[in-house]
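J.: Sharing a structure below in structure tokens format, with a few things to ask.
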Amino acid sequence: MGGAEGTKLDVDFVDMERKTDVTCELVEELQMKTKEFLQPNPTARAKMAAVKGISKLSGQAKASTYPQPEGVLGDCMLLYGKKMGEDSIFAQALIEMGEAMKQMADVKYSLDDNIKQNFLEPLHHLQTKDLKEVMHHRKKLQGRRLDFDCKRRRQAKAMVKNSSSPHFGSPAKSSFTSAHVDDEIRQAEEKFAESLHLAQMGMFNLLENDVEQVAQLATFSEGLLEYHQQCIEILKVLTETLLEKKDEAANRPKLEFVPKTLADLHVEGLSLGDGMNGASRAGSPVHGDGKRSQLELFPAGNPPQSTNASPLPSPSKSPARTPMPKQPCCTALYDFEPENPGELGFKENDTITLIQRIDDNWFEGSVNGRTGFFPVSYVQIVQPLP
């Protein structure tokens, strides 16, 4: 069966296609990995995405900030430094370091904003504008090339058929058909040439944009350098302060400590009658063997049952234990299958520990070691949040 051979593009075009495909993959992967670099905690990222999705559904704009680990650690140090009391040098050192960690967290937030604005946003624009347009021209070129090749094959088949069959038809009709086919091929060729030009120019401009792309990498590097330089300055000041605190603690005169006795604390033991019958130590009758009389220790009608009886109190008279406070929790009324990252799936009758209420429609809780968000309407409150 005869037919025209499919149109093949040159090696340079194929090489540009390959490099363009690599650029598409690079831009996608680079955006994802940069976000992971700036915000490495996947649980926190999922939680932020879930809160953002819930806010969109509820129509409430709720800002969610990524918890920088430096800030989390700084808050912990500040909290316990203040609890210990600032008269302790160790507490003062904790507060100093906590403040420094909070400063580094603020510097990290500035780095995040800088990288998002000067690196991630240009990459996103490249992906959604330039690359999208180039891929559109390539797809259009592929369709027009197939159309051009199809019409050429149809012309070749018609020519073979005409040359092998007797000429009973009208010459005028044959000439009209040939002219019509030639016109179709000419139009298909023009469209193919137009798309080829647009695809080549689009890929060339994309691949020759080194100046702008290298400038974006340089901006990324400058942002990292500035971040680390600021952190170095903060840590230098912190280290000097902590070394001064260490010397201050070493030079502080040691205090003498004398442990207090029960007598100093005015605590009366059982041997003194517990102070319930008002008898003083001087007025208590004592026999020659040094033991208090049985008459005083055991009132009439209640003699000791055995000299070997255990000194432990009777279990029936033990004070009742204080009940442990219940954790806020709820019971699942139905199965819930999560549809978005950060949502918490559970089965009917599961007991879920409540962490916080996000809004009127969503809780945050945990079950079986997993934490996430779930709708209020799927559960029944057992122990409400404080």
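Note: Cβ is positioned from N, Cα and C throughout, glycine not excepted.
Note that TrEMBL annotation is computational and uncurated.
Below, the features straight out of TrEMBL:
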DOMAIN    1-251  domain 'BAR'
REGION    273-326  region 'Disordered'
DOMAIN    325-384  domain 'SH3'
J.: Work out, from DSSP, the number of helix, strand and coil residues along the domain 'SH3' (325-384).
T.: 3 helix, 31 strand, 26 coil
J.: Take every residue in the domain 'BAR' (1-251), average their pLDDT values, and give the whole-number result.
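T.: Over the domain 'BAR' (1-251), the predicted model scores a mean pLDDT of 87.
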